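Notes for the one structure printed next.
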Amino acid sequence: MMMTEILDGRALSHKIRQQLKQRTARLRERGIVPALAVILVGTDSASQIYVRNKHRAAAEVGLATHDFKLPETTTEEELLALIAKLNVDPSIHGILVQLPLPPQIDSAKITAEIDPSKDVDGFHPLNVGQLFLNNPQSLPCTPHGIMRLLAEHQIDVAGKHAVVVGRSNIVGRPIAALLLNADATVTVTHSKTANLRELTRQADILIVAIGRAEFIKAADVKPGVVVVDVGMNRNAAGKLVGDVDFTEVEPIAEAITPVPGGVGPMTIALLLEQTVKFAER
Ligand code: NDP
């Protein structure tokens with residue numbers, strides 16, 4: 001019987017962070033303290049947890065983080081003024097604005113104001129354009145992490161049929177672009193796709209990022225598929241599960257990411273790596 005390969009994001013993320021420790025140490029020898037500015041507006045509890053985790057992971061690899069916790073009532077002008085200041089501050093190498101922002105602030109406008117060369121999230125329109133022109137400068141961390149996880153496991157995507165479920169700006173669209181850049185044949189699906197499950201069954205590589213607990217079942221995939229599950233959902237029992245029914249799909253897949261421990265840890269590792277890259281430049 002075929003053994004399914006588990007695409008272990010925790011292990012690879014650990015490896016990347018070990019390498020980053022050495023790189024930050026070399027930077028510090030040159031008198032450069034790589035630094036990430038993290039802006040959090042309001043009191044969204046999930047965002048607070050993400051920000052806390054980012055701080056911890058950054059400190060572990062020798063990256064400095066500068067916290068900017070702004071009140072829920074912050075105006076767009078106030079946030080733009082802070083970004084303008086950080087853009088020209090040579091001691092700051094990366095700027096991250098934790099989303100979602102409160103409704104009085106237009107997040108697209110904020111994203112576009114961040115200096116593209118400090119845009120660790122890769123959300124600035126210039127960086128998005130560079131990705132689509134196959135000349136990426138700064139990549140969104142989650143799709144970047146997925147590509148690294150596939151590469152680590154010697155999964156070559158060239159010539160394969162990759163089906164992406166979901167078309168968000170932070171996962172679906174950029175992972176589709178990265179797969180296309182890597183010579184996959186890419187199908188992008190979404191909530192209006194008529195024959196979704198017919199398409200997922202054709203996938204050699206299936207990337208699922210929709211936010212629906214255990215949506216993809218064994219009948220929706222072909223044997224030998226490589227499955228990347230981006231979803232993070234709580235099921236009825238309160239357990240963290242992906243968009244893929246792992247118990248059903250794992251036995252027939254060639255390789256699959258677990259949830260948790262797959263894509264999640266990679267996202268944060270790539271955020272740290274991008275900050276270090278910016279500091280090295
Ligand atoms: P969004 O809500 O921004 O986008 C969801 C996408 O899925 C949309 O394109 C939507 O289609 C599509 N979709 C929703 N329901 C269906 C359906 N029934 N059939 C087909 N397509 C559907 O989500 P994100 O991309 O931000 O996140 C997706 C999941 O990934 C979430 O669970 C999130 O928590 C997780 N996530 C995990 C990360 C990690 O580091 N592990 C990082 C980022 C996200 P349409 O465009 O038509 O509305």
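Start at 1 and count along the chain as shown; that gives each residue its number.
Just so it is clear, glycine is given a Cβ too, placed from its N, Cα and C backbone atoms.
Note: TrEMBL annotation is automatic and uncurated.
Here's what TrEMBL has on this protein:
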- GLY166, ARG167, SER168: NADP(+) binding site (BINDING)
- 7-121: domain 'Tetrahydrofolate dehydrogenase/cyclohydrolase catalytic' (DOMAIN)
- 140-280: domain 'Tetrahydrofolate dehydrogenase/cyclohydrolase NAD(P)-binding' (DOMAIN)
Ordered by sequence, the long-range same-chain Cβ contacts of ARG167 (NADP(+) binding site) under 8 Å (at least 6 apart) are ARG173, ALA176, VAL188, THR189, HIS190
What other residues of this chain sit with their CB within 8 A of the center of the CB atoms of GLY166, ARG167, SER168, the recorded NADP(+) site? VAL164, VAL165, ASN169, VAL171, GLY172, ARG173, VAL188, HIS190, ALA209, ILE210
On average, residues of the domain 'Tetrahydrofolate dehydrogenase/cyclohydrolase catalytic' (7-121) score a pLDDT of 96
Within 10 angstroms of the C-beta of SER168 (NADP(+) binding site), the count of other C-beta atoms across all shown chains comes to 15
So if I measure Cβ to Cβ from GLY166 (NADP(+) binding site) and keep only same-chain residues at least 6 apart in sequence, which ones fall under 8 Å? GLY172, THR189, HIS190, ILE207, VAL208, ALA209, ILE210, GLY211, VAL230
